[in-house]
There are 6 protein chains.
Amino acid sequence: MPYIALKLVEGRSIEKKRELVSSVTKAVCDSLEITPDNVRIELIELKADLFSIGGELVSDRDQVKAK
Amino acid sequence: MPYIALKLVEGRSIEKKRELVSSVTKAVCDSLEITPDNVRIELIELKADLFSIGGELVSDRDQVKAK
Amino acid sequence: MPYIALKLVEGRSIEKKRELVSSVTKAVCDSLEITPDNVRIELIELKADLFSIGGELVSDRDQVKAK
Amino acid sequence: MPYIALKLVEGRSIEKKRELVSSVTKAVCDSLEITPDNVRIELIELKADLFSIGGELVSDRDQVKAK
Amino acid sequence: MPYIALKLVEGRSIEKKRELVSSVTKAVCDSLEITPDNVRIELIELKADLFSIGGELVSDRDQVKAK
Amino acid sequence: MPYIALKLVEGRSIEKKRELVSSVTKAVCDSLEITPDNVRIELIELKADLFSIGGELVSDRDQVKAK
C-alpha cells in the first residue's frame, strides 16, 4: 500500500503522466514517511463521451464551446 | 459530489448514453434536492471478454447462445 | 448488470436513500429499456474527514464556515 | 453479489482469462458456500504506460530492463 | 499486481474471510502462474441499508422476507 | 476532475491526512497545471482484517510479528 486510482480526462502527454506519477508518489511518501517501492498509481483516463457533468456528456459540452 | 460510476456491458449508442446520464442526473438531483452542476457520472463499459457471470466469460456465453 | 457505485457525502436519511436508489434504478431502466432486477446500486458514504476538495478536508472547510 | 474487480497488468491470453475467472469463481463459491450464478468478475487490464510502481511508469521500467 | 477488490454483503465470520482470501489468492496464483506475495485482496463489506437490488434496499427486502 | 481514490491501511492521524491531501493536491496541480478547486481526493482506509497480502489477512500477519 498505498494504492492510488487517479481519474482524469483523457489527453495528457506521456511526459505529463511521468511527471504526475513521480510527483504524486513523492508527495505520498513525504507525507506518510514511507518508501516509494510500495506506492502504486493507476491512471484512469476518462473519455469525453463516457463522462458527464451536470447531466451532459463532456464531449457534447466541448462541441457547444467549439461553435 | 455525488460521483457516480455506472458499469454496463459495452454496446449502447451515444444517444442512449446521453439519455442515461441526463435521466440519472435528474433522478439524483430530484431525490437529494441538489443542483446538477456537481453531479458527475462515469460510464464504464465492460467488454464481454473481460467480464464473467457464474465463472464464464460473457463472450463465451453469447457464443453458446448464438449457436 | 448494470452495477452502480454512487458516492455521496455522509448524512442523508434512510428515506432519502430509499428514494434515491428507487428513482435512479427507474431512470436506468427507462433509459436502457431493461428490467430492474439486474440493477445493483452501492451507496458509498464519504466521511467529511476522509474527503478533500481543493486540498482541504471537507470537515475542516465545514468548521471554517461554522465560525 | 459478490462482485469482484480484478486488476492485472495487460497481456494475458483469453485462455488464461477463462481459467482465471473460472477458478476464482470456484474459490469464492467454495469458501462462501454460494452458487456461481451470482458471482460477477470484472477483469481490469492495466496498461504499462498508465500504471506506476515507486513513482515510475511500468512501461519505463520495462524499457530499462530491456536494455 | 494483481489487485482484487471483492465486494460482498456484510456478515461473514473472520474464519470465512481467512478462507476466502487464501483460496482466491491460490486460484489467482495457479491460473496466472505467479507467486502470492504480490497478490492483494481488499474485502469490501456492503451494508444492507446501503445496497439495492431492483431499486429496493436489501435491508428492506430482508424485512419483508422476515414477516 | 481529477478524482483521486487513495487507499491506505487504517491508522494515520488527522494531521497526517491533512498533510497528505494537501501535498497530493499540490503535486497534481503542479504537474497538470490546473487549479486545486476541481481536485477531489477520497481517502479509503483499509482495515487490517479486511485486507490480505499473499493470501493472508494483514491482521493475522501483524499478530505473528507481535509474538
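Including glycine, each Cβ sits where the backbone N, Cα and C put it.
The domain '4-oxalocrotonate tautomerase-like' feature in TrEMBL is assigned to C:2-61. Look at TrEMBL and you will find C:Pro2 tagged as active site, proton acceptor.
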Proximal but sequence-remote residues of the same chain as C:Pro2 (active site, proton acceptor) (Cβ under 8 Å, at least 6 apart): C:Val28, C:Leu32, C:Ile34, C:Asn38, C:Val39, C:Arg40
I'd like the per-state residue tally for the domain '4-oxalocrotonate tautomerase-like' (C:2-61) from DSSP, helix first, then strand, then coil. 29 helix, 19 strand, 12 coil
For the domain '4-oxalocrotonate tautomerase-like' (C:2-61), what's the mean pLDDT in this predicted model? 96
